[in-house]
Amino acid sequence: MSSRLGAVPATSGPTTFKQQRSTRIVGAKNSRTQCSIKDNSFQYTIPHDDSLSGSSSASSCEPVSDFPASFRKSAYWMKMRRIKPAATSHVEGSGGVSAKGKRKPRQEEDEDYREFPQKKHKLYGRKQRPKTQPNPKSQARRIRKEPPVYAAGSLEEQWYLEIVDKGSVSCPTCQAVGRKTIEGLKKHMENCKQEMFTCHHCGKQLRSLAGMKYHVMANHNSLPILKAGDEIDEPSERERLRTVLKRLGKLRCMRESCSSSFTSIMGYLYHVRKCGKGAAELEKMTLKCHHCGKPYRSKAGLAYHLRSEHGPISFFPESGQPECLKEMNLESKSGGRVQRRSAKIAVYHLQELASAELAKEWPKRKVLQDLVPDDRKLKYTRPGLPTFSQEVLHKWKTDIKKYHRIQCPNQGCEAVYSSVSGLKAHLGSCTLGNFVAGKYKCLLCQKEFVSESGVKYHINSVHAEDWFVVNPTTTKSFEKLMKIKQRQQEEEKRRQQHRSRRSLRRRQQPGIELPETELSLRVGKDQRRNNEELVVSASCKEPEQEPVPAQFQKVKPPKTNHKRGRK
């Protein structure tokens with residue numbers, strides 16, 4: 001009973017479960033610390049029970065178990081039992097727990113935390129933090145490097161001072177490459193011993209030919225390429241500009257006060273001719289219309305003006321030739337051959353014809369670019385399409401889901417389609433079926449087309465300038481205007497038919513004899529009127545009437561298919 005009683009600490013009052021647990025943990029820690037000391041570190045005697053000392057000494061260095069008797073007796077328990085430890089001063093001096101219950105130093109707490117982290121967490125109520133290892137890189141960064149020391153008056157010292165002052169040092173050989181460290185500069189100088197390429201425009205030196213070409217292309221693209229006789233080689237110049245545009249994506253103006261850039265060679269050349277010039281010089285460069293004197297800045301604008309305002313572009317008469325033709329003289333070419341005046345005039349007229357062709361395409365791309373109508377406003381009629389029931393459409397959709405294709409239902413037709421819309425369009429023009437669909441008809445020239453894309457292309461290419469109504473004041477749609485025009489044509493046909501019938505009725509009246517002079521005049525008028533009717537009303541398919549001679553007027557009237565008239 002003594003051993004069992006000795007295992008549980010005696011308390012003066014009722015104790016809770018947490019207090020008992022904390023005392024057990026403290027006792028276990030004391031046993032571990034005391035096991036590291038000599039066996040005679042704690043020497044005590046129990047006056048009443050000799051067996052207790054042997055059992056306690058035997059269990060002092062044993063591993064801790066869940067059984068309460070295996071725990072080392074705590075200082076609180078020994079105090080309650082009036083047991084005085086022999087080496088109390090030694091334990092306190094070595095950092096142990098004092099009799100007053102003070103907490104151990106931080107070093108021993110960390111050792112206990114590494115061995116039993118969960119118990120540490122339960123005892124002190126602290127959060128369990130993950131074990132972190134110091135980063136060697138961060139420690140290396142914290143170490144401040146000492147500045148390098150170079151010999152006084154050496155190049156390295158000069159380079160170092162320049163790096164400290166400006167942030168970088170340029171290569172003394174090429175003066176084109178900069179480095180931020182002396183080691184990088186030395187590494188560059190090992191490969192910078194070759195012959196340098198010098199730009200003949202600005203004197204800059206580059207190490208590679210590709211770098212020199214890119215430098216000239218990017219910074220000196222406005223300088224033309226000259227031939228041997230200081231003449232501009234235009235094909236080579238355009239080829240160079242084309243290469244620059246392909247690599248850089250744009251051509252920029254090289255004037256200091258101009259920051260314009262262009263994505264086309266024509267726009268760049270047009271800008272270069274006029275950039276930086278005064279109003280007087282620009283006025284001299286304008287092209288004036290020889291009909292009305294209206295000035296234009298470009299040749300294409302003048303050609304469009306001549307085509308739209310003054311009809312087709314015609315050749316200039318001798319008296320009205322422009323000054324550029326009058327000033328042409330017999331100048332020798334670079335090859336020594338003399339070009340004739342007629343050849344120069346022919347070249348000029350060919351250029352005018354080329355500009356006229358350009359003017360045909362130019363308004364469609366520039367002027368009417370924002371005015372292109374949609375498909376609903378194009379002037380053409382659509383033919384009627386066959387109608388299908390919902391059962392047939394559902395069957396077609398099912399076949400497409402199963403077989404991924406559908407065949408034309410008309411006998412003898414082997415057309416296969418992968419969509420219902422494609423089959424519908426095919427059935428509208430299939431000749432093997434019962435449905436006869438019409439054709440797409442252009443309402444501007446009455447031309448018929450099989451496909452809708454064909455009539456659209458025809459209208460956009462042939463009738464590009466007739467997309468819209470001629471009269472801009474009207475607000476009616478094109479369909480209404482076409483209906484009104486058809487009504488007017490029908491009314492005109494009816495009037496002509498009515499006039500012809502009235503003339504026939506008058507000639508067929510019996511018992512009326514006219515004198516020969518009046519009869520001859522009457523017959524001449526009838527002949528002229530009949531000829532006009534044949535020309536105008538050819539679509540009405542009126543029966544042709546032969547001219548009646550004057551001598552047969554009284555004997556036999558002309559035969560007609562009309563049964564109306566007085567008998």
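Counting starts with 1 at the first residue shown.
Glycine too: its Cβ is placed from the backbone N, Cα and C atoms.
Remember, predicted model here, so these are calculated numbers, not experimental data.
Features of the protein shown, as given by Swiss-Prot:
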- 1-32: region 'Disordered' (REGION)
- 12-23: compositional bias 'Polar residues' (COMPBIAS)
- Lys18: SUMO2 cross-link (CROSSLNK)
- Lys84: SUMO2 cross-link (CROSSLNK)
- 86-148: region 'Disordered' (REGION)
- 119-130: compositional bias 'Basic residues' (COMPBIAS)
- 197-220: zinc finger (ZN_FING)
- Lys227: SUMO2 cross-link (CROSSLNK)
- 287-310: zinc finger (ZN_FING)
- Lys333: SUMO2 cross-link (CROSSLNK)
- 406-430: zinc finger (ZN_FING)
- 440-463: zinc finger (ZN_FING)
- 486-567: region 'Disordered' (REGION)
- 495-508: compositional bias 'Basic residues' (COMPBIAS)
- 523-532: compositional bias 'Basic and acidic residues' (COMPBIAS)
- 556-567: compositional bias 'Basic residues' (COMPBIAS)
Which number gives the other C-beta atoms within 10 angstroms of the C-beta of Lys84 (SUMO2 cross-link), all protein chains shown included?
13
According to DSSP, how is the zinc finger (406-430) divided among helix, strand and coil residues?
10 helix, 4 strand, 11 coil
I'd like to know the mean pLDDT over the zinc finger (440-463).
78
Helix, strand and coil totals (DSSP H, G, I; E, B; other) for the zinc finger (287-310):
11 helix, 4 strand, 9 coil
In DSSP terms, the compositional bias 'Basic residues' (495-508) comprises 13 helix, 0 strand, 1 coil
